[in-house]
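Down below is the structure, laid out as structure tokens.
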């Protein structure tokens, strides 16, 4: 099988963006790069050979292209000599192909141009080099088209009628002279005939040759005829007299007649004799303004008339008509049949693509057959060429560019196939597969694969892949570098061989965010670079920022859809552009027996080294192999058994995956150990208290081990599932270049891209006896009846359950409770043996019935030990607007993972709880009730006592279940020794009939003075408010012998069936009483008491007056003494002193003025 590199055929522009990169076994630190003084297209194609790299550098501007040989011993490349070549190659290096079997190299220049009769022909020039590159062995120009100058005999038939003035006639002559001058160096022959009423030959073909093609001599003495315009007659005249051999006409020349006139024909007739003459008519002047007048010229023109009729409004425009006339003539040159293509191999561009396989060379020829394209099958000497194209050659295949890319598809059991791309076919592109012929046979088209997106350039790049390297190409990769979708530019379609046809199996894409990235502009099959014995593929995307290369690893049956590595151009060389425009990687260039990959860029070629791929074999072991239960379980005893933890040993060794590499390997391993890494809380801890431990160690192909230790927190709940120990590892990168590592040092490998995590579990020790098989025996019990459920907004229900295990340890014990939908789970708590034992419940939303719900509780998760008994309490809230029966029934069932079905008879229990509905009744006495009366001997003997009670029934959610209510009014019974008697009556609003009954008197009335003796029973009608009036008549029936106070009590209570209902706010809220205080006043005779008291008071007053007189109280002269002393006794101010008087002035007693003395007047 050959290996070819077909890079992008367009000169690509670069972008400067940023991209991420993945790292696998292609080292992004370039081993070497090559340069040459060959312009920016150096690197357009790259190809590895035995001792280096061949680089193609097509020319740009006035520069020629060339080939360069780059050796690893030097950074600069030398031109490849083209000894014996006498051609200048403008685009040499655009196409390179190599023969893997023979080592020969084919290089082509598809742009060998030359001029033929003022037309430019394009064909190819190919060189076949030996493996040593010492000059080309062979060279050839495949599909070279010799310049076959077309012979054309052209007659000017010009109008000389009287409608022309002299100036316009001269302009017609100048136009003919100009055409003759410009085509003088061609195979054209000219003749001229003037027509009016008659015809006149101005010069024949013979005259044209004799006069040395001089138009000034031939037309210098022509004079206008100035008569009618007999056009029919003139055309027949030319056929009969000018297109004749005796006039110099050539039998093998194309006959062209150019008619110039300024008016419509004056005569009639037919021109059938001119059917084999191409007729081009030019109408000039204002006579042909209307469309109808223009149509009069159509009869003289060839078909299609739109192409062969030209209307000019002035004669001055004749001088600009030559280009159009030349194009019309050139389109028919060399052929008289319009059903053939205009171009055959003149513009073939042969060599735009090439491939070699076992000495069999093919080159693409996109310009053949009017750009329909095809390819050329070359002999080994490059001298013979057989053109193969798409047949039949219809209009829809023109412009398809078949042969833009070619690729051999090798086969072991049959003749090989050749894939040829036509990226412009019907604007969507297609790829045709042909089967190579046997000796002397024909190529057969076997399959057509069409693109789907307009403008995607589907087939612009082809690559055949021998996946398992057995000589059979299993995959065909078709590039569409202009494909657009999902913000990605470019796509590669993978087709797999299925018997005789190829079917698409996958698509390869680049990174999003590069709509113009040209992913798939270069595709190449590498050797096995990752050591899995499958061919890998590299895809170039030269316009993703500075360019990028993707590596897709082979896998059984195809290619991995995701790249194992993306190498950015900026990552390799800052400032590089178009990185990935060409790629090749099949040989070792560094001497380490690992294939290196060569990547072309703008003006530079980069060599990327492969690194040896290894795997790391790891082993984990524990001591002890099981975790003792005493290390992790909760302990409530004073003495705890000593805990030692677990020892962990981790061993590593390198396992090479690239056996061709024979050097030394040394790797620096980074590892991370995790204990229960998948849990929120780890059950194992390293000495530093963390569940994670990291470190580095050096490893080699020899086994090396590390020792670790971990312990456990107290009270681990999950003692069933083993502890997961995970070891995650990677290789650390070292600084330096790949070449540094190859110079006498151990090679740093790369780790295989797989899951680099090893996990191992260490189980917990099981207490299951000698057979190591635990068999549990669970029992569930609950009180048959519990306290009632009182329905209210904040009501709750607590149910106690007892669970015991008389067998061995039970695993994952679960208690399932079925309860009515009127209840909602609130909480669960452990009562016995202690609250630290774990229990959790969850109300299930699925699996419940219409009437009941299910609660799932995990008890003592995960182990319920042998002989253990627990009591737990489950609490529920009630839901409003629920329907209830007389009893609530709860059914419980206990399960575990290791109980025999024959022991599950006692795993269920049920409890029944009575339901009480709320009654919200409030009673209170009214303010207008009688609270006090009194009796005197002289007062009335009879008084009325009135007690008024209000009964309010508050609405509730359970009014529909309201019980029968009865008001009980209690009134006292008179004592026999009391001086008063009383009678009672009860009335209600709304009015009902009340019945009275005597109550049994207690033995001791003194202790219960308000105990009723008579009770009235009044049925209550359900209303929001009810008034009950108790009226008593109290009569003084005996004489009041002494004053005393008595109490009369009436009471009210509301009764109902307490077995189904309860007072919402307690029974006291529906009870009330009124206490009446009765005073009995005994009146006595008090007149003599009053008289004696008055006399005693007067006597006492007289005695006091007499005593004061005897002591001289009324004869004292204290005032005079004070005035004589001028002071105040005891330092106190005089009584008449004004405290507000001005000092130094005498204060006068304004209430006791003395007479004015004479001495005071001065």
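Glycine is no exception: its Cβ is also placed from the backbone N, Cα and C atoms.
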For the record in Swiss-Prot, which of the ranges 1112-1116, 1117-1121, 1122-1126, 1127-1131 is the motif 'GFFKR motif' one?
1112-1116
Distant-in-sequence Cβ neighbours of residue 651 (disulfide bond), under 8 Å, six or more positions away:
618, 619, 620, 621, 703, 704, 705, 706
Which ones, of the disulfide-bonded residues 77, 857, 1010, have a Cα no more than 10 Å from the Cα of residue 1049 (disulfide bond)?
1010
Within a 10 Å radius around the Cβ, which one of these disulfide-bonded residues has the most neighbouring Cβ atoms: 126, 768, 994, 1018?
126
Just going by other Cβ atoms within 10 Å, which of the disulfide-bonded residues 77, 108, 774, 857, 1049 has the emptiest spot?
1049
Between residue 77 (disulfide bond) and residue 108 (disulfide bond): CA-CA distance (Å):
20
Take the C-alpha atoms of residue 70 (disulfide bond) and residue 841 (disulfide bond) and report the distance between them in angstrom, rounded.
77
Alpha-carbon spacing, residue 994 (disulfide bond) to residue 857 (disulfide bond), which is rounded to whole Å:
56
When you rank 199, 768, 1010, 1018 by Cα distance to residue 841 (disulfide bond), which of the disulfide-bonded residues ends up on top as the closest?
768
Around the Cβ of residue 705 (disulfide bond), the count of other Cβ atoms that are within 10 Å:
12
Spatially, and counting Cα to Cα, which of the disulfide-bonded residues is closest to residue 77 (disulfide bond)? Options: 126, 774, 857, 1010.
126
Roughly where does the repeat 'FG-GAP 5' (444-504) sit in mean pLDDT, to the nearest integer?
94
In whole Å, how far is residue 1010 (disulfide bond) from residue 1018 (disulfide bond) when you measure between their Cα atoms?
20
